[in-house]
Amino acid sequence: MASDLEERVRAAIQEKLTMMKIPEKENDFLPSSCCLLEKQRELAEVEKTFSATKEDFQKKMDHLQQRRQELERKEGQLKQAILKFDKFLKENDAKRSRAMRKAEQEKQQMAHKKVEAERLQEEIARLTTAKTRLQGRLAAHKPFCEYLQEVLGKTEQFQDISELIGRFETLRATQVSLVRREQVAREAVEEERSRLQQYLDESSNRILQQNNMVAELQDQLEQTQGKVLELESNWICIQNTAASKTLELGQIKLAALNLFQMVIKHRKLPMNVPQEDTDAQLDAVQLCVEDLTAILADFRKAEPPQPSQPEKRVPSQASTSASRSLLSKVRIAPTTSSVTCTTDLLILGKIKLSNGIVL
């Protein structure tokens with residue numbers, strides 16, 4: 001703020017110096033020394049004016065400083081007063097709030113006390129009624145008290161009535177406990193009885209089911225035993241049939257082997273066929289029969305006809321095939337053939353005779 005005032009003073013001085021210019025005509029006629037003196041005089045006046053202005057400005061500044069200090073002091077006092085007033089208002093508000101709260105509390109306490117008084121009145125009425133009732137009961141129970149006094153006088157086990165009543169309460173509690181235990185035991189017995197009955201019923205049902213199952217299994221056993229007997233008889237029949245068929249097959253194989261050996265001996269061939277290979281033996285016999293049949297046919301063509309002699313049949317391929325088929329059937333299915341070994345040998349002999357073969 002002081003710098004602003006100083007600038008304003010300087011501006012005023014410059015304005016005065018500008019206004020105090022000497023006319024140009026006079027300057028033209030004055031010498032330079034005069035001009036210098038004039039300038040010095042003007043400068044002295046300006047300095048004087050500036051000093052006066054500065055002193056005036058300093059006085060004003062001091063006055064302003066004093067005024068400022070005074071204002072600051074008054075401002076501080078005003079702030080203190082405001083703070084005190086604010087504190088006073090706050091204290092008044094607090095007091096008023098406390099007073100209102102206290103009044104409200106007292107009001108609530110009065111209402112509570114009123115309610116409490118009404119409750120106490122009701123309690124008094126109730127207690128009065130109870131007192132009257134208890135007095136009536138006391139009057140009614142007075143003979144019992146007299147009786148207890150008489151009992152207490154006659155016995156030495158109890159010292160006062162309270163001990164006698166305590167003993168009675170203990171016995172009654174024991175009785176109640178025993179009755180409760182008896183009830184629990186009865187319920188447990190009933191439950192066990194019902195469970196036992198249920199178990200007996202279930203056991204009877206299971207026994208009945210098991211008996212039915214045993215009867216069914218007995219029937220199945222009887223049926224199975226009948227089937228076993230039937231199967232055993234069938235098995236015995238099969239074994240007997242198999243034995244007879246095996247014997248028949250052995251006789252047939254033995255007959256084929258005998259025929260094969262006769263062919264080998266007749267044709268003087270090497271014995272290069274195993275005894276178990278009946279097919280090869282029959283093949284060799286068939287070849288021999290075919291050869292003999294061909295020889296017999298050629299021989300009959302060379303001989304003259306003899307009408308008195310019976311005509312001999314030429315062995316055919318069908319007859320040899322029939323014999324081979326018969327032996328094959330006997331070899332392949334021995335269990336289904338119905339001829340015996342003796343019959344087979346007779347059939348083979350008939351086939352040889354019909355073909356005119358002499359071995």
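Using N, Cα and C of the backbone, Cβ positions are placed for all residues, glycine too.
Taken from TrEMBL, the feature coiled coil covers 36-137, 182-234. The annotation domain 'DUF4200' is assigned in TrEMBL to 36-152. Sequence annotations record features per position, and here TrEMBL assigns region 'Disordered' to 301-322.
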Inquiry  = I'd like to know the mean pLDDT over the coiled coil (182-234).
reply    = 92
Task = Take the domain 'DUF4200' (36-152) and count its residues per DSSP category (helix H/G/I, strand E/B, coil), listing them in that order.
result = 117 helix, 0 strand, 0 coil
